[in-house]
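Report on one structure; see the data block that follows.
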Amino acid sequence: MMKFFFMMLFMMPLCLKKNMFWMVQFMFMLMMVMFMNMTIMIENFCNLSYMLGCDMISYGLILLSIWIMFLMIMASESLNKNKFYSNFFLFNIILLMIMLYMTFSVMNLFLFYFFFESSLIPTLMLIIGWGYQPERIQAGMYLLFYTLFASLPLLMGIFFIYKEMNYMMMYMLKFYDYNLFLLYLCLILAFLVKMPMYFVHLWLPKAHVEAPISGSMILAAIMLKLGGYGLLRIMIILQKINMSMGFIWVVISLMGGFYISLKCFCQIDMKSLIAYSSVAHMSMVIGGIMTMNYWGYLGSYILMIGHGLCSSGMFCLSNINYERLNSRSLFLNKGMMNFMPSMSLWWFLLMSSNMAAPPSLNLMGEISLINSLVSWSWFSMIMLMGISFFSAGYSLYLYSYTQHGKYNMGIYSFYSGTSREYLMLMLHWLPLNILILKIDYSMIWF
């Protein structure tokens, strides 16, 4: 595991040279192939080196991280074309990748916390440095303070665990089970803000709307998954108390997910709509983790990976429109089918994946999450029906609004989709729908 860390470390000098934009992208692709060829054990940590290790959960999320980094560079071609600090941008991306890689693969709880928090800094630099509007400063503050406010208690909780157990190895957590209410709140809150749970979700639409395309992709695809990953890891020592307290989070998530699905119909900004749909999907993930059964555990993992690819692809699509029209408003983005008929197909494919149509990973994840939540309480069926129905609703709403209708007369100075954009969208959609053929790797853990 250490070899990939050093590979990324030695990619940094590439950022000092000119015309290295596609070289860095190629290196990420190479790293992806190397990481895929690594041996992985399903039931235990493997590839141990120093403080790093890798099990099934880490493996999928690191793979997703490398893939999204590769696609981020591909999507940010306009930075390279306009020479808009592209070298510093690459440096930022490699730094962010190192932070994420370490977060997912480190086995020490304190180091996990350290990298979990430090991944915020490159993201903040992406938003404030390459964002589109002056409001990005406010969005950066929202992002920073929401996350930091919740994460100090997490640090205290980790120190408490260290005082009690005298070690902080993730693997050893399974020998303990704390029935302490304050510890439970401390450990869980930071991850719920990062997910984000309804009530603490306000930073997400703000950050998404102000972020550049690369910032949006990384926020949607990986940053939200850090919270889910943390919950999956930490829930081992909170099983007893979660039996009595878990229902609170499930109820908030399901009610919030339902309400936010309705809120999606009120959005006029494409990015804002996609960001709110992310909150609705992640609320199901929180519900699945909090029910603490097998279906929920696996379903949340699969939906996290599926949503990472799908949401990232949708942000790419909205950015493709934004680069043409210089607007993300649904009132101006109309009748795109007349101008880019082939792009319309990709809109449809990614929207159908977002509403969990087969054969996407989202379908598999949502089926197992619905299984998990309905077995926990029959009553959750009502909210789940609402979330599922309206998720199809707002996906179709976004599709029909952007693709159909009378087009705006101001868009005659226009160019069609480039092969780079079609390739980028295919590389989002293909893994999302091909991975379901090998679903047994992520569904049947003993």
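Indices start at 1 and increase along the chain as displayed.
Glycine too: its Cβ is placed from the backbone N, Cα and C atoms.
Because TrEMBL annotations are produced automatically, they should be read as predictions rather than curated entries.
The feature domain 'NADH:ubiquinone oxidoreductase chain 4 N-terminal' is assigned by TrEMBL to 1-103.
Annotated transmembrane segment per TrEMBL: 21-42 (among others), in sequence order.
Same-chain residues lying 6 or more positions outside the transmembrane segment (48-72) and placing a CB less than 8 Å from one of its CB atoms are 1-3, 5, 25, 28-29, 31-32, 35-36, 38, 40-42, 93, 96-97, 100-102, 104-108, 111, 171, 213-214, 217-218, 221-222, 225, 229, 232-233, 301, 304-305, 308-309, 312, 316, 424, 427-428, 431, 441-442, 445. Taken from TrEMBL, the feature transmembrane segment applies to 48-72 (among others).
Per TrEMBL, the feature transmembrane segment maps to 84-104 (among others).
Per TrEMBL, domain 'NADH:quinone oxidoreductase/Mrp antiporter transmembrane' is recorded for 107-389.
Here the transmembrane segment (110-131) has long-range neighbours at 51, 79, 84-85, 88-89, 92-93, 95-96, 99-100, 102-103, 137, 139-140, 143-144, 147-148, 151, 154-155, 158, 162, 168, 170, 190, 207, 210-212, 214-215, 218-219, 223, 226, 230, 233, meaning same-chain residues at least 6 beyond its ends whose C-beta is under 8 angstroms from one of its own. Summarising the annotation, TrEMBL assigns transmembrane segment to 110-131 (among others).
Among the features that TrEMBL reports, transmembrane segment is placed at 143-162 (among others). Note on the transmembrane segment (143-162): residues 109-110, 113, 116-117, 120, 123-124, 127, 168, 173, 176, 183, 185-187, 189-194, 196, 200, 202-203, 206-207, 237 of its chain, located 6 or more positions outside it, place their CB under 8 angstroms from a CB of the stretch.
With a threshold of 8 Å between CB atoms, the same-chain residues lying at least 6 positions outside the transmembrane segment (182-204) that come near it are 116, 139, 142-143, 146-147, 149-151, 153-154, 156-158, 160-161, 219, 223-224, 226-228, 230-231, 234, 238, 241-242, 245, 249, 252-253, 255-257, 259-260, 275, 278-279, 282-283, 285-286. TrEMBL lists 182-204 (among others) with the feature transmembrane segment.
As annotated by TrEMBL, transmembrane segment applies to 216-238 (among others). Under 8 Å from some Cβ of the transmembrane segment (216-238) lie the Cβ atoms of residues 57-58, 61, 64-65, 68-69, 71-72, 75, 96, 100, 103-104, 112, 116, 119, 123, 126, 161, 170, 173-174, 176-178, 183-184, 187-188, 190-196, 204, 207-208, 271, 274-275, 278, 282, 285-286, 289, 292, 297, 300-301, 304-305, 307-309, 311-312, 315-316, 319, all in the same chain and six or more residues away from its ends.
TrEMBL lists 244-262 (among others) with the feature transmembrane segment. Counting residues 6+ beyond its ends, the transmembrane segment (244-262) has Cβ neighbours under 8 Å at 181, 184, 188, 192, 197-199, 201, 276-277, 279-281, 283-284, 286-287, 290-292, 373, 376-377, 380, 383-384, 386-387, 390-391, 393-394 in the same chain.
If you look up TrEMBL, you'll see 274-295 (among others) marked as transmembrane segment.
Under the heading transmembrane segment, TrEMBL lists 301-322 (among others).
Among residues of the same chain six or more beyond the transmembrane segment (376-401), those with a C-beta under 8 A of the stretch's C-beta atoms are 247, 250, 254-255, 257-258, 261-262, 264-265, 270, 273-274, 277, 280-281, 283-284, 287, 291, 293, 296, 330, 333-334, 347-348, 351-352, 354-356, 366, 370. According to TrEMBL, the transmembrane segment annotation covers 376-401 (among others).
Sequence annotations record features per position, and here TrEMBL assigns transmembrane segment to 422-444 (among others). Sequence-distant neighbours of the transmembrane segment (422-444) (same chain, 6+ residues past either end, Cβ-Cβ under 8 Å): 42, 56, 60, 67, 70-71, 74-75, 298, 301-302, 305-306, 309-310, 312-313, 316-317, 342-343, 346, 349-350, 353, 358-364, 368.
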For the transmembrane segment (84-104), distant same-chain residues with Cβ under 8 A (at least six beyond the ends): 4-5, 8-9, 11-12, 14-18, 20-21, 24, 28, 52, 58, 61-62, 65-66, 69, 72-73, 76, 78, 111-112, 115-116, 118-119, 121-123, 125-126, 129-130, 214, 218, 222, 226, 229
Beyond the flanks of the transmembrane segment (21-42) by at least 6 residues, Cβ under 8 Å: 4, 7-8, 11, 14-15, 54-56, 59, 62-63, 66-67, 69-70, 73-74, 80, 86, 90, 93-94, 97, 441, 445-446
Counts of helix, strand and coil residues, the domain 'NADH:ubiquinone oxidoreductase chain 4 N-terminal' (1-103), according to DSSP: 72 helix, 7 strand, 24 coil
